[in-house]
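Just below is one structure, and these are the notes that go with it.
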Amino acid sequence: MSPQASSIFIISLLLGTTITASSNHWIMAWMGLEINTLAILPLISKSHHPRAIEAATKYFLTQATASTLVLFSSMTNAWSTGQWDITQLTHPMSCLILTSAVAMKLGLVPFHFWFPEVLQGSPITTGLLLSTLMKLPPITLLYMTSPSLNPTLLTTLAILSTAIGGWMGLNQTQIRKILAFSSISHLGWMAIIIIYNPKLTLLNFCLYTMMTATVFLILNTIKVLKLSTLMTAWTKIPSLNAMLLLTLLSLAGLPPLTGFLPKWLIIQELTKQDMAPAATLISLLSLLSLFFYLRLAYCTAITLPPHTTNHMKQWRTNKPANITIAMLTTMSIMLLPISPMIRTII
């Protein structure tokens, strides 16, 4: 794909995200979602591999269905209340349809089946966009409509997402699929708190985006897509492997790394809202995803594959680590000490 075409698609993605995030009218928000969908499709299928074409087809069908449901939800609400304002979503049926549509766009359980397949069929840079930037418009819609949404439904979706995301990631060997299930698990944490403290959801999303971007950029630099190749990648750039190890542990939410901060604040807020059982359950379910993060970290830290057959070590590259990766890694592992300042901001 030519640089001009890539830049046009990236600008369209930013435009669609900005339109949805800044609009008050349902039609404008829907238009931004459609621009996003149409702009990401060529980036998914640019390799012309059958798996990439399949991923683009699955993505298009799922997102088109979700966009139809968003439009149907807003029209039902406008029919009942005469309001096209996003924040005036008051009709119960419209709230239910919108929750389903946004869950489908985000990849929340039970609408999660498309996401690992699409991520597996996409190039790793497009996978980064799908896991981070493409999640922002649906999350802003949830943010704006959060006072009207059904708490029981969202809590159920969140706990199921954390459970299924952790459970289905256990036996994966493809790193992109593992990161897809990691994303589903993190979305569960964001969905459970959005009604009670929407700013915490945005904080969680920002930190998750930062940590996931670090992992994807490191994997793109060392050109690793499977666990078996990750075990021998330490010879390329050993410093990057050390960064990847720490970032994965941060994604798992282990203290004293940055990823512990959103989990800590969410559990604290759920306890304040008399939802201690839900907080306990979601904390226990996050142990499932901790297992596959530790598995990834083990494969990153191991210096040789665990077998005795001769193999060829990969050449060390002299390419210096990107300054973007260095800054993202620093923020991904060292923001916990300034959590009081972050707490005052939100």
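A Cβ is built for glycine as well, from the same backbone N, Cα and C atoms used for every other residue.
As recorded in TrEMBL, the features of this protein are as follows:
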type     : residues : note
DOMAIN   : 23-288   : domain 'NADH:quinone oxidoreductase/Mrp antiporter transmembrane'
DOMAIN   : 290-342  : domain 'NADH dehydrogenase subunit 2 C-terminal'
SIGNAL   : 1-23     : signal peptide
TRANSMEM : 56-76    : transmembrane segment
TRANSMEM : 96-115   : transmembrane segment
TRANSMEM : 152-171  : transmembrane segment
TRANSMEM : 178-196  : transmembrane segment
TRANSMEM : 202-219  : transmembrane segment
TRANSMEM : 240-261  : transmembrane segment
TRANSMEM : 281-302  : transmembrane segment
TRANSMEM : 323-342  : transmembrane segment
Across the domain 'NADH dehydrogenase subunit 2 C-terminal' (290-342), what does the mean pLDDT come to, as a whole number? 78
State the residues, same chain only, that lie 6 or more residues beyond the ends of the transmembrane segment (281-302) and have a CB under 8 A from a CB inside it; answer 'none' if no residue qualifies. 158-159, 162-163, 165-167, 169-170, 172, 175, 178, 181-182, 185, 188-189, 192, 227, 230-231, 234, 241, 244-245, 248-249, 251-254, 263, 267, 270
I need to check the long-range neighbours of the transmembrane segment (323-342): which residues 6 or more away from its ends have a CB within less than 8 Å of a CB in the stretch? 203, 207, 210-211, 213-214, 217-218, 221, 240, 243, 246-247, 250, 255-261, 264
